[in-house]
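Heads up: the structure comes next, in structure tokens.
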Amino acid sequence: MSMRATFLGTGGAVPTTARAPSAFLVNRDGERLLFDCGEGTQRQMMRYGTGFGVSHLFVTHLHGDHILGIPGLIQTLDFNDRDDSLAIHGPPGSKGHLEQLVHAGGYQPGFHVSVHEVRPGNVAYRADDYEVRAFDTEHRTASVGYALVEDDRPGRFDREKAEELGVPVGPAFGRLHAGEDVELEDGTVVRSEQVVGDPRPGRTVVYTGDTRPLNSTVEVACDADLLVHDATFTDEEAERAKQTAHSTAREAARVARDADVRRFALTHISARYAADPSPLLEQAREVYDGEAFVAEDGQKLEVPYADSDGGGAETGE
């Protein structure tokens with residue numbers, strides 16, 4: 001099952017010519033989940049070819065660079081004759097403000113939009129085989145991060161063992177792999193556990209939004225396939241990071257290291273690094289020795305299963 005992440009906006013509070021405000025989209029086998037919606041997000045979606053079929057929008061907090069794209073997105077979806085509903089999720093206390101954005105200027109969308117508040121530790125959205133969980137973050141206003149966590153997958157099916165046990169090739173293989181026991185014509189029962197290995201973990205993608213480095217992020221991001229973490233400043237602005245409740249690249253890298261994530265994306269890059277963001281990555285790599293990169297607008301990333309190959313970062317343009 002495919003999973004592709006697209007960085008639509010990787011800038012800080014002040015956009016630059018190269019970086020739009022925060023927006024991050026995950027396409028999981030055709031279902032599109034949007035995390036934050038800064039100004040111009042709908043144009044970024046057009047520019048980078050993600051499509052508009054977003055089913056859920058997960059808002060981390062109510063600062064403008066994370067939400068002011070909502071009115072434009074809603075109206076663009078409506079003008080494109082959208083029929084499907086859209087669910088918007090936000091931190092405690094956000095519902096009224098988010099509803100105002102949906103109806104900015106008295107606008108009444110022609111499709112259903114629902115707004116929900118989610119508390120840290122709760123599930124914002126549950127699908128058949130994955131869920132999106134909210135977790136604690138620390139910013140200057142009510143905020144949450146989100147973790148997309150897939151269910152475990154069935155273990156590997158041992159076809160050779162099944163044939164040795166007399167299981168005929170065909171539908172019985174699928175039933176065994178799905179966890180059912182199978183009775184053969186001679187009355188012998190072949191148990192699923194005899195031919196199926198241990199469950200294999202699904203994928204986890206963690207998106208923090210704006211935050212200080214926290215143990216709660218380490219816990220939820222443990223062994224994650226991708227961590228997208230606030231890395232607004234370099235060490236030289238560490239005091240400012242504390243004052244504004246952001247993270248430095250080094251602090252974010254410590255979270256990535258302690259959580260032992262497979263890949264780590266630095267985002268929410270301050271405009272002061274517009275000419276050269278390389279110091280952020282250099283400082284992060286002094287702490288975290290895994291695959292780390294400064295996310296760029298339009299960058300696309302395949303998120304493979306941990307037991308498969310491939311999945312490196314791509315550039316969108």
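A Cβ is built for glycine as well, from the same backbone N, Cα and C atoms used for every other residue.
Annotation source Swiss-Prot lists active site, proton acceptor at D65, citing sequence analysis. Counting only same-chain residues at least 6 apart in sequence, those with a Cβ under 8 Å from the Cβ of D65 (active site, proton acceptor) are G11, G12, A13, P15, P21, S22, G38, E39.
Shown in sequence order, H61, H63, G209, D210, T211, R212, A245, H246 are the residues of the chain, 6+ apart in sequence, with a C-beta less than 8 angstroms from the C-beta of H139 (Zn(2+) 1 binding site). Classification of H139 (Zn(2+) 1 binding site) by DSSP places it in coil, neither helical nor stranded. Residues or ranges marked as Zn(2+) 1 binding site in Swiss-Prot (evidence: sequence analysis): H61, H63, H139, D210.
If you look up Swiss-Prot, you'll see D65, H66, D210, H268 marked as Zn(2+) 2 binding site, on the strength of sequence analysis. DSSP classifies D210 (Zn(2+) 1 binding site) as coil under the three-state reduction.
In the structure shown, the C-beta of H268 has more C-beta neighbours within 10 angstroms than that of any other entry among the binding-site residues H61, H268. The Cβ of H63 (Zn(2+) 1 binding site) has 20 other Cβ atoms within 10 Å, all protein chains considered.
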